[in-house]
Amino acid sequence: MTKSSSVDLVTQTDQKVEQLIIQSVKEKFPTHRFIGEESVAAGESCVLTDAPTWIIDPIDGTTNFVHAFPFVAVSIGFSVNKQVEFGVVFSCLEDKMFTARRGKGAFCNGEPLQVSDQEDIKQSIIATEFGSSRDPDAVDRIFSSLRNVLCIPVHGVRGAGTAAINMCLVASGCVEAYYEIGIHVWDIAAGSLIVSEAGGVLMDVDGGPLDLMSRRIVAANSRTIAERIVREIDAFGPPRDDEPLRR
Ligand SMILES: O=P(O)(O)OC[C@@]1(O)O[C@H](CO)[C@@H](O)[C@@H]1O
Ligand SMILES: [Mg+2]
Ligand SMILES: [Mg+2]
């Protein structure tokens, strides 16, 4: 089925996985709050408060899932006082479980993760996505940023089709950075902690501090690489996740 547009897909699997996660967590933690992609699509509020909150993307990469393009993930972040305390991204087809707890490091299947130590952007691979907007003006701006980044020049630009896996690629040192405009809080909550606990940095595409609800992110191995990318990005702002009429 489609949600906000013909390229915004949802399947019964997305809905069932989200229900399964929320029901099983609620049994143990009845007072906790939830921000789940498919619950928000069904009309639930999407406001991040100080309360303990589970931020859930039941399938990150639904378009990949529908087309059998083999990168999909389940992403679960847990926040208290608006700060992510732990994050889990399960890359289902790779059978990789990425985990991080604030102050305790990041891991893949139990092995510690460390971002790349490459500080020369010209020796780097950058991950990004084209986004889900097909508005020609937004696409022009995304392409203009992409052209600028590619022509720095960098070794390459890649995209797995899921923000969560792209961020785990940063944490694993396979790519130096990931940036995107148009993602949602459930795409990046878990991945943001996995990147920072692997030694990476997070910022807004305008170089300011990351705001989980702003729908914009740069996640990089270092401040040097992140700030170099920021210089090339045309930083527009889609409606925030916590804006009532965003969808
Ligand atoms: O709707 P989904 O599958 O949960 O997630 C949306 C998403 O896959 O689309 C973007 C591509 O623009 C990704 O970066 C992002 O994670
Ligand atoms: Mg997603
Ligand atoms: Mg999803």
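Cβ coordinates come from backbone N, Cα and C, glycine included.
Among Asp137, Asp140, Asp187, Asp204, the residue that TrEMBL places alongside Glu37, Asp57, Ile59, Asp60 at the Mg(2+) binding site is Asp187. Same-chain neighbours of the Mg(2+) site beyond Glu37, Asp57, Ile59, Asp60, Asp187, judged by a C-beta within 8 angstroms of the site's C-beta center, are, in sequence order, Asp14, Ile56, Pro58, Gly61, Thr62, Ala73, Val74, Ser75, Thr162, Ala163, Ala164, His184, Trp186. Proximity to ligand 2 (Cβ under 6 Å from any of its atoms) holds for these binding-site residues out of Asp57, Ile59, Asp60, Asp187: Asp57, Asp60, Asp187. Other Cβ atoms within 10 Å of the Cβ of Asp60 (Mg(2+) binding site), summed over all protein chains shown, number 32.
Using a 10 Å Cβ-Cβ cutoff, Asp187 (Mg(2+) binding site) registers 26 neighbours. For Ile59 (Mg(2+) binding site), the same-chain residues lying six or more positions away in sequence with a CB closer than 8 A to its CB are Thr11, Thr13, Asp14, Val17, Phe65, Val72, Ala73, Val74.
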